[in-house]
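J.: Under the heading [4Fe-4S] cluster 1 binding site, Swiss-Prot lists Cys43, Cys48, Cys54, Ser294. The annotation domain 'Radical SAM core' is assigned in Swiss-Prot to 55-283 on the grounds of sequence analysis. Sequence annotations record features per position, and here Swiss-Prot assigns [4Fe-4S] cluster 2 binding site to Cys69, Cys73, Cys76.
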Amino acid sequence: MSKYSTIAPTERLPEWLRRPIGDASALERVQGLVKQNRLHTICEEGRCPNRGECYAAGTATFLLGGSICTRSCAFCQVEKGQAPMAVDPAEAQRVADAVEAMQLRYVVLTAVARDDLADHGAALFTTTMEAIRARNPLIAIEVLTPDFWGGCPDPQQAVAAQRERLSTVLAADPVCFNHNLETVQRLQGEVRRGATYERSLGLLAACRELAPTIPTKSGLMLGLGESRDEVIAAMRDLRAVDCQRLTLGQYLRPSLAHIPVDRYWTPEEFDELGAVARDLGFAQVRSGPLVRSSYHAAD
């Protein structure tokens, strides 16, 4: 049993967070293709409220590396465990099949953390990008990666290994590199087990250094107990490593086993924070209660 299981919700879901699922036919079609190809999407695994809208617009986010994550973040719906599936050598081709069948124009690739693999899953991204482009080289591909950290007891070796894994992904030339900070600095230990604030900022900084033509992107969830000042401080830290794109969205508790919502930020508060982010110099900002990492990613 999770330590959060006995903490009941204290507020009802506000009206602004209730929305229809969207285009039911598009949703059913994509769900059928995903099931047929034995794939995973973060849209479904994470129960994203925007998935119907995104499917209808010709975008989807595929989850690579199976459905079991080696990290145990307190907010995430994805199944967790230390014995994930063996890497499926046919996964990349099945993703490419689905992208072709869905006639997608913009694809986001993400992955569960695979701390059990020597490259921490870097090749999952590159082989899938290669398979998609073999069918249609004009498809734009964004990557949303884990931090590629671990496997080296020496800190300097760990940084070098992280940069090597990152370089592998960047060499495949995604149109955008996304790595989420997820929450403010104070809440990292509770929310992102196995990851750190500084490590994520370092990854984004390394991306700008290694591939300055590839834009970087990051996201924050609100509603975990952070203050407005802490959110702005995190945005400043992201700009300090030249992160160019930002998403801000409301955290929604997937189940009673997950960390509770502290409060629901209003649409007006999201608008105000979005304005602050633009003033700080972010080139692209998506800020709203239902915004997620890949929301309107193709815009």
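Every residue, even glycine, has its Cβ placed from backbone N, Cα and C.
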J.: Could you find out if DSSP has Cys48 ([4Fe-4S] cluster 1 binding site) as helix, strand or coil?
T.: coil
J.: Which has the fewest other Cβ atoms within 10 Å: Cys43, Cys48, Cys54, the binding-site residues listed?
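T.: Counting other Cβ atoms within 10 Å of each of the binding-site residues Cys43, Cys48, Cys54, the minimum falls on Cys48.
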J.: Give me the count of other Cβ atoms within 10 A of the Cβ belonging to Ser294 ([4Fe-4S] cluster 1 binding site).
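T.: A 10 Å sphere around the Cβ of Ser294 ([4Fe-4S] cluster 1 binding site) contains 27 other Cβ atoms.
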J.: Taking all residues of the domain 'Radical SAM core' (55-283) together, what is their mean pLDDT?
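T.: Mean pLDDT, the domain 'Radical SAM core' (55-283): 90.
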J.: Where does Ser294 ([4Fe-4S] cluster 1 binding site) sit in the DSSP three-state scheme?
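T.: Where Ser294 ([4Fe-4S] cluster 1 binding site) sits, the three-state DSSP reduction gives coil.
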